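Colleague: Before I ask anything, here is the structure I am working with.
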Amino acid sequence: MAVSLWQQCIGRLQDELSAQQFSMWIRPLQAEMDGDTLVLYAPNRFVLDWVRDKYINIINQFFTEQMGNDAPKLRFDIGSRPSAKKPEPAPVAAVRVPNPQTKASVGTSFNTTEPVVNANHRSNINPTYQFDNFVEGKSNQLGKAAALQVAENPGGAYNPLFLYGGTGLGKTHLLHAVGNGIIKNNPNAKVVYMHSERFVQDMVKALQNNAIEEFKRYYRSVDALFIDDIQFFANKDRSQEEFFHTFNALLEGNHQIILTSDRYPKEIDGVEDRLKSRFGWGLTVAIEPPELETRVAILMRKAQESGINLPDEVAFFIAKRLRSNVRELEGALNRVIANANFTGRPITIDFVREALRDLLALQEKLVTIDNIQKTVAEYYKIKMADMLSKRRSRSVARPRQVAMALSKELTNQSLPEIGDAFGGRDHTTVLHACRKIAQLREESHDIKEDYANLIRTLSS
């Protein structure tokens with residue numbers, strides 16, 4: 001009875017949680033009775049701890065309401081329920097691929113004179129990108145959690161997994177980390193990572209060589225296919241057609257697909273609706289620009305890997321001024337380290353100011369409160385004067401709060417200074433706005449998207 005009630009409990013959780021929260025934390029759970037105990041099996045420790053910390057009260061309350069004193073005890077475990085049957089792995093077709101000794105990436109040639117062999121598909125997975133060296137923060141926590149689950153249960157956890165966000169935020173790192181995780185668990189797994197333009201080039205070459213069937217067999221035989229920057233499929237009708245059928249074939253065989261893009265699937269122009277619809281079949285997760293604490297952690301990790309002692313105050317100084325993406329942070333730190341090695345000077349705040357003076361000057365020039373106000377007003381189609389007015393209607397107040405939150409995150413101005421710039425408001429008003437927008441970014445997909453879009457615009 002308890003197991004059947006678990007299905008009803010799932011229904012309640014689905015009603016109370018966002019679609020992403022439900023897909024991420026509840027859908028992977030499996031339930032089975034063990035005596036008078038209901039055992040909930042999670043795919044990994046991360047999911048187990050999260051569900052136990054965040055949702056245990058809701059689950060207990062549901063069973064108490066339904067069964068009273070007869071409610072089962074709850075226990076959490078990692079893995080699959082013992083009675084769950086594991087499907088037999090699908091047979092992998094033999095395919096013709098390029099000689100792995102050549103410099104070309106896997107899948108770049110379809111010469112029909114080459115022998116038919118089983119492909120070494122994983123030669124383009126970068127072994128340096130691991131979960132252990134991926135710096136986690138609130139901005140990428142869900143993305144990493146989803147990627148971990150896919151690595152442990154490819155084709156079963158979230159399929160497809162769609163990661164989206166701006167350039168240099170770690171999407172590619174996660175793709176390779178998943179690939180390395182899959183290969184660690186199954187050394188014979190056939191995993192392919194590539195940029196979407198490589199898929200297009202392979203298809204064009206196959207058409208030129210009358211080897212399109214070879215192309216199809218190759219891509220439909222892999223255990224996992226990871227394609228970066230899927231937005232480059234835009235307006236390439238034949239490539240979209242081939243990928244559509246490849247996508248369907250892989251999903252039907254329970255083979256894992258992970259895609260990345262710089263924008264939400266439905267916002268990708270020039271891509272067929274049937275593809276965009278399929279992109280959302282599994283789990284879609286945003287990777288956002290790192291918050292201050294994560295930026296500091298990234299700098300400290302990079303410095304440690306480089307054998308450099310980076311003082312905390314220097315890391316905070318850099319992190320507060322460079323906010324757009326991880327790549328920019330690492331590039332700035334590399335410049336600081338190179339200058340320090342060349343001059344023999346210690347790394348201090350004054351030294352960093354000198355080493356990064358052009359970059360810091362550009363950032364200060366680009367991101368000002370006035371610039372933020374104008375950008376937000378234009379984005380929400382309100383008047384610039386509304387940013388300074390006392391109007392409280394939501395159509396005006398919400399954009400104003402967004403602009404205040406962005407001003408706190410993207411400038412070095414204090415709360416009182418931000419309040420002055422918004423019509424002489426008190427610093428507590430600014431603090432309330434920042435907290436409100438932080439809350440809404442957790443609860444509202446629209447606000448989350450708006451905020452991410454504005455940061456990309458202001459940081460570009």
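Residue numbers in this text run from 1 along the chain shown.
Placed from the backbone N, Cα and C atoms, the Cβ positions cover glycine too.
Swiss-Prot lists Gly168, Gly170, Lys171, Thr172 with the feature ATP binding site, giving sequence analysis as the kind of evidence. The region 'Domain I, interacts with DnaA modulators' annotation in Swiss-Prot covers 1-84 and is backed by sequence analysis. Residues or ranges marked as region 'Domain II' in Swiss-Prot: 84-123. As annotated by Swiss-Prot, region 'Domain III, AAA+ region' applies to 124-340. Residues annotated as region 'Domain IV, binds dsDNA' in Swiss-Prot, with sequence analysis given as evidence: 341-460.
What's the neighbourhood like for these features in this structure?
Modeller: Residues within less than 8 Å, Cβ to Cβ, of Gly168 (ATP binding site) and separated from it by at least 6 positions along the same chain comprise Ser324, Asn325, Val326, Arg327, Glu328.
When the region 'Domain IV, binds dsDNA' (341-460) is classified with DSSP, helix, strand and coil residues number 93 helix, 0 strand, 27 coil.
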Colleague: Within 10 Å of each Cβ, count the other Cβ atoms and name the one among the binding-site residues Gly170, Lys171, Thr172 with the highest count.
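Modeller: It comes out as Gly170.
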Colleague: Where does Thr172 (ATP binding site) sit in the DSSP three-state scheme?
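Modeller: For Thr172 (ATP binding site) - judged by DSSP and reduced to three states - the answer is helix.
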Colleague: Just to be sure I understand, if DSSP states are collapsed into helix, strand and coil, how many residues of the region 'Domain I, interacts with DnaA modulators' (1-84) fall in each?
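Modeller: Its residues divide into 48 helix, 17 strand, 19 coil.
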